[in-house]
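Taken verbatim from Swiss-Prot:
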{"type": "BINDING", "residues": "625-632, 1254-1261", "note": "ATP binding site"}
{"type": "COMPBIAS", "residues": "863-874", "note": "compositional bias 'Polar residues'"}
{"type": "DOMAIN", "residues": "591-823", "note": "domain 'ABC transporter 1'"}
{"type": "DOMAIN", "residues": "1214-1485", "note": "domain 'ABC transporter 2'"}
{"type": "TRANSMEM", "residues": "143-163", "note": "transmembrane segment"}
{"type": "TRANSMEM", "residues": "264-284", "note": "transmembrane segment"}
{"type": "TRANSMEM", "residues": "302-322", "note": "transmembrane segment"}
{"type": "TRANSMEM", "residues": "373-393", "note": "transmembrane segment"}
{"type": "TRANSMEM", "residues": "397-417", "note": "transmembrane segment"}
{"type": "TRANSMEM", "residues": "482-502", "note": "transmembrane segment"}
{"type": "TRANSMEM", "residues": "890-910", "note": "transmembrane segment"}
{"type": "TRANSMEM", "residues": "945-965", "note": "transmembrane segment"}
{"type": "TRANSMEM", "residues": "977-999", "note": "transmembrane segment"}
{"type": "TRANSMEM", "residues": "1031-1051", "note": "transmembrane segment"}
{"type": "TRANSMEM", "residues": "1120-1140", "note": "transmembrane segment"}
{"type": "TRANSMEM", "residues": "1149-1169", "note": "transmembrane segment"}
Amino acid sequence: MMNFEGCPSDASFGPFVKGCRGDFDFTLKFELIIFFIAPSCVFTALTFVRIFVLVSKSRIMTGNRIPLNLIKNVYSPIQIRENCFSSSQVLGLVAGMTTAALSYYEHWYSRRPSMLLSIYLFLSLLLDIAHDRTLWLNAYSTLEYGFSSVFSAAVAIKAFAVWLESRPLSKLPWGDSHVKETPDSTSGVYSLSSFMWLRGLLRLGYRKVLALSDLPALHGNMLGVVYDRFRKCSVNHFTRAEQSQERGKYKLVHALSTTLTLHLLLPVLPRIALIGLSLAQAFLTQAVLRYLEEDQPHSYSWGLIGATVLIYGGISICTSLYWYFHERLLCLVRGCLASAIFHKTLELSLTSNARSASVTLMSTDIDRIHKGFLNLHELWANIVEAGLAAWFLWRQVGIAFIAPIGLVLLSFLGVSIVGNYVGLYQKAWMGKIQNRVAITANVISNIKHLKVSGMTRPVESIIQNTRESELRASRGTRRLQIASLIIAFAPDLTAPGIMLAATKSQDFSSHKVYTAIALLTLLTVPLGSIFRSVSPLMSAFACLERIQAFLELDTRKDPRLITHSTPDTSSASGDEKVYADPLPMSRSSAVKVIQASFGWQGKEQACLKNINLTVNYSALTAIIGPVGSGKSTLCKALLGETPFSAGKVVLERDASCKVGYCDQTPFIRNCSIKENIVGFSKWNPVRYLEVVEASMLSYDLRELPEGDATIVGSGGMTLSGGQKQRIAIARSLYLDTRLLILDDILSGLDTQTEHHLFQHVLSPNGLLKKRENAPAIVFSTHSVKYARWADHIFLLNEKGEMIEQGSWEELSTYQSHLQSLCIQEKVQMTDLKQLEPVESEQPLDVTMSEIEQTRSSRRGADNQETIASGADSSARQNGDLGVYRHYFRAVPPVAIISFVTSSLSYGFLYSFPNIWLKWWLLDADSTRPHHPKAFWNGIYAMFQILALLSELLTMYLALTYFALISGATVHSSALRAITRAPLYFFASVDLGTITNYFSQDMTLVDGALPASLIQFASDVAASLGMAGNLAASSPYLAASYPLCFFLLYFVTKYYLRTSRQLRLLDLEAKSPLYAHFLELENGIATIRAADWTGEYLVQSRLLLDVSQRPAYLLAMVQRWLLFILNTFVSLLALFTVALVTQLNNHGTGFAGAGLISLMQIGQFLTNVVRSYATLEVSMGAVSRLKALTESPHRECIEGQEVVPPQEWPCRGSIKIDGVSASYDSQNDQVNEKSFSLRELNLHIEAGQKVAICGRTGSGKSSIILLLLHMLRPLRNTREDAITIDGISIQNVDPPILRERIFAVPQDTIFLPQGSSWLENMEPFATNAAECRSVLEDVNLWDVVIAQGGDLTAALDSDTLSQGQRQLFGLARAVLRKRAKAQSMSEPAPQGGLLLLDEPSSAVDFETEGLMHRVIQREFCEYTVIMVTHRLEFITQIHSVGQVSVDTQQGLFDRVLVVDAGTIVEDGHPAQLLESKEGKFRALWEASRV
């Protein structure tokens, strides 16, 4: 046992000794209690809690950890023998045993080294080192020296144990190296606090261009387990609130906090430690100044140096741990919210306008939530820190502390007033963003039809006007943001002058003033942080309210009843109501509709009324009716998708599980053809080849260079309409289902393909009837040509009422409506078996290995294209100053110079008052002051007020000037680049990628960029000023600045090479996720019918986790840089304190100014890192937008566009000489297989009416696209190879070309939901009366009346049938023609060019006659080129109830038959019909069936 006779004070608690050891040590009793007993008690208690948590988990580790436990057990008895008190001996033994036990359980049940054990061992090691020093200083006898030596050995063993405990388990010699985890999930507290686990990623990013595959996966806790738990919590909170009829705004916040409680609490402990360490900075300043002013032992200086190391080193470590845990929390918040939004999107009804909001909520709103929650823990921590600082300040300056506190209270009042309005303005702004993104996404997804329609420039103008309206709506939020920031800066800038003015002269000593300034800094800086956080936090809560409102929307209510013989409901999905035999249904019945009515806008406006229908297994049920009769509505009603219904729809259980559904508009995913067909079904090669043959795709797959591995582009951009339709048919055939619903699937197909499909799929001898469990088939159509072979026929009239139903035999026994339709359409009653057999397609002979090989090579090419997109490899690593020029190009140079000047002025005016205070104190300490206090105080306050005004100017320029001007310019450039991009660009670039430019990228440009620019510029300027103050405190420190700047430059360069790439990967990785959302929005009915919602949810989780990886790692790399800078500040603090205490030749004035600057520069460097991190992410968005704007993908060389005369084309003559073209990019080495047109030669005289026909995929629509400069010829084509009225179209400005040529696409494009009828026609409208006249001509005025009564009513395009959509497209063309005629100031030829791409593919016989009459009447003097599969009107004119048999009186005087991109027949239809072996004759005879 040690004796205390050498130092009597060792027997007391102390804590400091007196009269021995230089009066610079703790007493032994204090060390035993504080260094041994207290830590052992706390550690033992926490150990039992930790072991209890660990044993509840499953074992994850194998291997042997006996060596580590032996080391700790060896250390324990060595440790406790020196203790002189029995309590310390017992607790030391218990701590040693619990250390071994905890190490054992952590090894078996935890992936990472024990944090609790690592912290305890490290802290106890530091305390043991201090105690070891005491033992050696107190040793006098041989026994005591021996004991001290043994304890030193014990300290060395503990140091080794600390090193072992910090190692990842897989790297220990006895660990399990087979466990593969992410670096941070296996790292100990030392690696986490220093971010050493990132060193591999940083090295990799410095050496090479990073790809997503180079990034480690996220920790398992960030995956689906947390998301599922959040979903359950949110459902429970919303359900309880609904049951209690509460309308709380924070239900989503409660659900998040409940789900992430542990992650929410983890940052608390290091943040509390930061509070204590921050306050310790002020007391360190006071202690150093007292040491310089008073005569104290030199040993105290070493204590101050040690305290500096502990305080600033502790700040670095605690800051790192705090941000590590907090960034993980933010990552999980984003994942939970995005997952919930996607899940809710799956549940919304087809008519919900909120589906288009999902992308905005997931991008813009979640980003603002992330920004607002970034300082979530800072709120309470800053309040605590400010409260403690205020108390210490009161003790330091007395009553003078009331002055800054009054200013703080006024600031609180101002922030409260501002905060009340932030949410209101923020919601209005977000609504504008949501509207713009919805319009943009709708336009991009329909860009092909938009270009064909000639609406590019009008729609571009509409979107840009929407953008400018959005920027105007942001002004209110920006002004509030400026007010909030100024209020936040005010206390920090003006409080010191107010406090010094209230301070008594007798309290004006250096150490008191500088200590008060330090405490005031600890008061105002946290409060300023709170004030700056209020606006983003209120914005975050406003966005959370928007997401909560989205999640609380009514879900799709499936009114269908599922029947089966037992009450088992396990297979029922969604909201379907399940009953055990609610109605008598025979085993052969799949669906029964009983006295049902269906509608989209309310039960009083039902589209279908009093429907009774039975659909049987192994039977084909044909639903026949004219345009707008409700055929598509009935199909969707059988799927449970109609929002309003009455009566009953009963499904047999087998028919309800999976339903094969083909919509009129095919749902095509942006993947390979094979993946589109197979979907999420199990792979069956026999079934796959079977459905490919049946859907007549084998020929197309042989013609495509990559076969079924061909990527089809967003919405099937590279495919023809018929190919898309047949892929959708093949998908429904491949699906293992007992019910198929086919909505007018044969429209848009050529006659031969149509017959082939019906014969091989739907006929009595077709594929479906031959299957073992033949499904029930519902087939809607406007034609009666296949009614004879239907098992059940269901006829509808134009009012949505059933006329008659029954089998063919039943309906043909009397004068039925069916027979009148057959007579009207002149349908031959020929049996299918009597038709000439369709040429057998060559079987698809492609092995799966070839397909996979092709697909893998395609992926490699895509990856290379992705890497090259946005910026080249060098720019991704080293940056591009051109990005800043691109952003500021629209800003006047005077504004930029003013911004830089105001920022630098702020930096000088903020830092110089510390030097002024030093001069003031020197003058005050002199016996005869040169100036009164008012002089010094007034100038001091003047500097601070000028600094505030400089910052106000900086904010105004960035937020209201740069943001509005540059935001509009950058958007306009990007939008122009997209609308003028060639068609192949949209086939190769995903829809989600393009949408991401206008959602997340544009959001960063609007919000994060100007705010981070202000913060970065101000903090850099202030940091430079503080560095000057530090240099003034010690010339030796100033001498080290060149080395410091060199090190900072190297660290920053090392950091930027990785962070730049991560920021681009962060933006790029979200594009597939956005594309997935948009894909879901377009195909939700098909996905729900096939019961693929679970698979889509899993896929969304995978895409979400992939998108999280670069964002999470970018945040961590930014925190690594913060740790390096904090370490740098720690070294500066160490050198500063060491120099001023050891040399002691600078006086307290400069030392105090230097220490105050040291406190402030740490905070400024933290803000610099934070603001630069946001700035570089925002500039990454600008970089992507710049790359898009400067993309080489252009329809015409910028600046070389030719604008033809206003009246062009006035005749419509066309000349095409030897042109070959491909959908691929302009490449002379294009595979000939990919040619869409081959050596095309075509001359069309003015005024000719030309019909183009041929099998689907033969190149008919390609001719239309060629004339519209959307399909460009090969590069070696002559410039005058394509002319219209003698002018080559290759250099004509493409948007102008498409405006001058009137074209009607197969699929009509509409503006987003909510736009009026007039707005949808307004780009070409002359007046409302003209619009009404045109709509009446095409029989759409009754639809207008039904939807609201006039042209200002909202046009609900979802309720329009495909035929009505095509009528609207024709109405637009008529309106354009009339507008052109009225715009001519002088008489001019009234001719022109009209292109129609299957304009009547989805209409019935009578409506088609109407459309042809309108075309003949309105465009009689025009050259008309029509692509059509329906040949009845090529050779004869039909009128209602009357047929002309004179084939010489046909609408068209010329027919082109196209096959494989080549014109194989050309002539008058009558002449071509005379050729019995001709292609046109074969097509025409097939159409007569």
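Note that Cβ sites are derived from N, Cα and C of the backbone, with glycine treated the same way.
Listed binding-site residues: Ser629, Ser1258. The one with the lowest count of other Cβ atoms within 10 Å of its Cβ is Ser1258. Taking the Cβ of Val627 (ATP binding site) as reference, residues of its chain lying under 8 Å away and at least six apart in sequence are, in sequence order, His782, Glu798, Ser1361, Gly1363, Gln1364, Leu1367, Ala1402, Val1403, Asp1404, Thr1407. Long-range contacts of the transmembrane segment (977-999) within the same chain: residues 359-360, 363-364, 436-437, 440-441, 444-445, 447-448, 451, 456-457, 459-460, 670, 712-715, 717-718, 865, 869, 971, 1067-1068, 1070-1079, 1184-1185, 1188-1189, 1191, 1193-1196, 1223-1225, 1265, 1270-1272, 1294-1295, each at least 6 residues beyond the stretch ends and with a Cβ under 8 Å from a Cβ of the stretch. Away from its own ends, the transmembrane segment (264-284) comes close to residues 257, 304, 307-308, 311, 314-315, 318-319, 321-323, 325-326, 328-329, 377, 381, 384-385, 388-389, 392, 515, 518-519, 521-522, 1137, 1155, 1159 of its chain (Cβ-Cβ under 8 Å, at least six residues beyond either end). Averaged across the domain 'ABC transporter 1' (591-823), the predicted model reaches a pLDDT of 85. When secondary structure is read from DSSP and collapsed to three states, Gly1254 (ATP binding site) falls in the coil class. Classification of Ser629 (ATP binding site) by DSSP places it in coil, neither helical nor stranded. Taking all protein chains in view, 29 other C-beta atoms sit within 10 angstroms of the C-beta of Lys631 (ATP binding site). Within the same chain, the transmembrane segment (945-965) packs against the transmembrane segment (482-502): three or more Cβ pairs sit under 8 Å, each pair at least 6 residues apart.
Under the three-state DSSP scheme, Lys1260 (ATP binding site) falls in the helix class. Around Thr1256 (ATP binding site), the same-chain residues at least 6 positions away in sequence with a Cβ under 8 Å from its Cβ are Ser720, Gly721, Gly722, Gln723, Gln725, Arg726, Gly748, Leu749, Asp750, Thr753, His1429.
In sequence order, Ser720, Ile1252, Cys1253, Gly1254, Val1427, Val1458 are the residues of the chain that are 6 or more apart from Lys1260 (ATP binding site) and have a CB within less than 8 Å of its CB. Its Cβ taken as reference, Gly625 (ATP binding site) is surrounded by 27 other Cβ atoms within 10 Å in the chains shown. Around the Cβ of Gly1254 (ATP binding site), the number of neighbouring Cβ atoms within 10 Å comes to 25.
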